[in-house]
Amino acid sequence: MPLSSKLDQKLRAAEESSDDEEYYEVTDRSSSPSIIETGDGGELLDSEEEDEGGEEGSEDEDMSADAEEEEAKAQMSKVSFGALAKAQDALSADRKRKRKRGEEPSKPQEDKLQALRERLQEIKAAKLAQGGVSQPKPKAKARPTKGEEEKKKDEYDDSGSDSDTAPAARSSKHAPAVQTSKKAVSRKRQVVDAKKPKFRDPRFDVGAPPDENTVQHRYAFLNEYKQSEINDLREAIKKTKNEADKEKLKKKLISMESQMKAQRNKDQQQNVIREHKKMERELVKQGKQPFYLKKSEQKKIALIERFQNMKSKDRDRAIERRRKKATAKERKNMPDERHDARVYLFVPDPYFSKSREAPDGWDCGVRGMVLRQQNDGITGYIAVMSDLRSPSLPLLHPHRPHRPDLPPIPPRLRPLILRSNSRSLPHPRLLLPRPPLHPPRHLLSASTRLHFTTRTVFAHPLPYKTTHDLIKGVSLFGYKRAGIVKATDPTLRPDSTEFFNIAKDHLHAITPSRSYPAEITEKETWILLQTVAHDAHKVGMLVLRVLATQLGIPPTSFTRKNEFAVRSGDHVRLTHKPARVSDSTTAAIGLPSHTDFGSVILLFNWLGGLQIQSYDPSTPEQWDFVRPVDGTAIINLGDAMVTFTNGVLKSAKHHVVDAPGEQGRVDRYSVVYFVRPHDEAVMEAVEGFEHLGGKGRVAGKFEAKVGGGAVGGGVDEAKGGAVR
Ligand SMILES: O=C(O)CCC(=O)C(=O)O
Ligand SMILES: [Fe+2]
């Protein structure tokens with residue numbers, strides 16, 4: 001079929017339809033490749049040339065009707081509407097462009113356009129004259145793709161109008177050229193942005209999280225289900241034979257149990273808050289200021305409650321876990337300064353050694369140690385007295401020569417040392433061992449809290465306290481009342497100090513516990529006691545390692561004789577000495593002079609009263625006060641160290657008297673921890689010390705020679721070995 005007749009059909013279809021859509025269809029087809037790409041329409045110029053040719057043809061009046069029709073068709077096919085429309089588009093676009101730039105269309109273009117218009121009209125007229133050929137409506141001739149304006153323009157063109165309105169801008173070339181008149185134009189205008197209500201579908205939309213407690217309360221029945229599920233799981237585990245399945249079930253059980261546990265803990269904390277609020281409400285009604293618990297306090301109270309409701313084994317395990325966790329955390333967060341903390345080992349000034357008679361074979365003695373708290377840690381200061389004249393001076397080991405160029409003691413520390421040993425160590429120098437030191441952080445605070453919480457235990461009447469008596473020669477643990485006269489004390493005065501010895505083995509369930517007063521076994525106190533035992537032992541081990549290193553022997557030489565987990569006589573001692581009752585020095589003594597049996601003894605006291613015997617040869621009988629320093633523990637070496645080192649290290653002789661001045665007016669309490677060799681440790685000199693002086697000596701012998709006082713023993717009931 002010739003292209004022209006195709007075109008005719010299309011035009012006719014367009015003519016028959018008044019529908020916009022049909023109109024668009026024609027529009028689309030006119031721009032479809034079937035017309036443009038065939039080349040029939042050709043280039044604009046070609047079309048024009050052809051148009052001209054067509055014009056000539058139409059003027060031939062002698063043609064037969066058929067021939068004329070054929071001719072007209074040929075002309076039509078030559079000058080296609082596509083080409084014409086394209087030409088018009090180009091012109092109008094050109095015009096538009098120019099108009100946009102504010103230019104008027106140029107004369108030749110106007111002429112061309114005019115020529116085209118005339119030509120179109122001529123063709124139309126010829127067609128009308130012929131009568132038989134259907135005519136496309138002018139509307140269809142137009143190329144509506146270029147918009148309504150152009151369509152209108154074409155219509156006006158057909159009617160010879162020159163009206164030329166500016167074409168409306170379209171959002172894109174694909175946007176409809178005309179706006180349908182069928183669509184109602186809204187008269188409403190959005191002036192203010194009104195917020196549309198947003199509707200929520202509770203099935204899918206997650207709103208603000210509901211209050212956790214409310215949810216817990218409402219869904220409390222789930223806990224019952226969970227519990228029954230746990231029971232089912234337990235049953236299933238019992239019945240299941242397949243190991244892999246069993247493992248899976250076990251894992252699930254553990255996870256469910258820990259979920260339940262976490263929930264219980266949360267509930268407990270909530271209870272604490274609730275109870276506290278209730279109490280506070282009451283108090284506020286009475287006119288008190290409200291007091292709110294901090295989160296940490298809430299946790300603490302809940303924790304204490306939890307511990308109280310635990311069985312002792314579970315509690316121990318829980319405590320141990322918490323301690324490990326806390327220690328690991330502490331260690332991780334420890335500033336470098338603390339990583340570098342040092343234990344200073346002091347050796348005396350030569351002045352001292354020159355002026356004092358050294359006992360046979362005994363070269364030096366540890367006089368006492370002071371631990372000082374620094375940046376939450378504890379730095380140990382070990383005061384050592386030594387006789388430099390001795391040919392075998394292990395403290396100045398050949399590998400660790402005493403170097404006078406070592407850094408001086410920091411001035412901050414000097415008063416501390418000089419205060420407690422002002423006579424024996426006037427100008428101490430120091431050797432600097434660098435053991436890894438991670439001192440337990442809670443030791444001092446735990447002992448301080450213990451000091452306050454256990455006052456009540458001594459407030460009981462004597463008959464009650466004596467129901468927990470220690471049994472001399474049988475058990476070292478329990479109560480020792482005041483008023484005991486020690487044969488070892490030269491003054492033979494009765495002592496005024498009562499104390500409770502609480503075994504490390506009882507605290508840490510290494511052996512079954514004996515009975516203690518309720519205030520001691522009360523959970524919070526028991527936990528504090530456990531902390532003191534554990535941490536003080538750790539400090540003791542540190543001191544022993546340092547000493548071994550300084551003595552040039554393997555660092556574990558002493559520690560392996562004092563293992564924490566092995567049954568031993570280690571204990572925490574809580575002491576109480578009433579305030580001064582008389583100024584008479586003969587009435588009573590706090591504690592008579594003695595040395596301690598153990599290896600290392602840590603003393604936490606808050607009032608003066610402890611005295612150590614002077615080593616100053618000019619005042620051999622003089623007692624020097626060891627002034628308590630806040631945040632400080634005083635460390636002594638016990639008789640066991642004398643034995644282990646064959647007398648190279650000494651135990652210091654000490655006693656307790658009324659605190660001087662005002663301090664003497666108040667009751668004195670102290671907390672002591674005795675690190676003692678475990679039950680299986682052989683009480684003999686360690687390697688490297690066997691040949692020093694024959695058999696191992698104990699402090700008593702040392703005392704007898706140096707101080708000229710009574711032979712050891714003192715208040716240590718178990719000296720010589722007690723049955724536990
Ligand atoms: O309480 C003190 O200061 C010392 C106690 C003491 O030396 C002891 O219990 O062995
Ligand atoms: Fe003591």
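Easy rule for this one: first residue shown is 1, then count along the chain.
Glycine residues also receive a Cβ, built from the backbone N, Cα and C atoms like all the rest.
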Any idea which of 265-288, 313-336 is down as region 'Disordered' in TrEMBL?
313-336
Go ahead and report the DSSP secondary structure tallies for the compositional bias 'Basic and acidic residues' (190-204): helix first, then strand, then coil.
0 helix, 0 strand, 15 coil
Considering every residue in the coiled coil (223-313), what is the mean pLDDT value?
86
